[in-house]
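This report refers to the structure that appears directly beneath it.
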């Protein structure tokens with residue numbers, strides 16, 4: 001009788017250890033997936049960056065600004081140059 005109780009308790013303890021290990025592995029997998037999503041999003045943002053400055057972006061000359069923008073001489077930021085062409 002005592003050995004059956006001991007085996008049952010040992011089995012429950014073993015089951016608890018296996019389940020907690022599985023849960024830890026699941027949490028680690030979830031962390032890896034979230035990290036991968038964040039890294040992918042960061043890479044996508046970097047891929048969309050352009051070599052020119054957008055409206056009100058800092059600049060030192062007209063060549064720094066994107067198309068249809070020019071560098072404002074006093075404030076050193078990109079402003080619209082007044083053109084509409086595509």
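Cβ atoms here come from the backbone N, Cα and C positions, even for glycine.
So that you can see what the record holds, here are the features copied from Swiss-Prot:
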DISULFID  52-66  disulfide bond
DISULFID  59-71  disulfide bond
DISULFID  65-78  disulfide bond
SIGNAL    1-20  signal peptide
State which of the following disulfide-bonded residues has the fewest other Cβ atoms within 10 Å around its Cβ: 65, 66, 71.
66
Cβ-Cβ distance under 8 Å to residue 52 (disulfide bond), same chain, at least six residues away
64, 65, 66, 67, 69
So if I measure Cβ to Cβ from residue 78 (disulfide bond) and keep only same-chain residues at least 6 apart in sequence, which ones fall under 8 Å?
53, 54, 55, 56, 57, 58, 59, 64, 65, 66, 69, 70, 71, 72
Quick one: give me the count of other CB atoms within 10 A of the CB of residue 59 (disulfide bond).
21
Using DSSP reduced to three states, classify residue 66 (disulfide bond) as helix, strand or coil.
coil
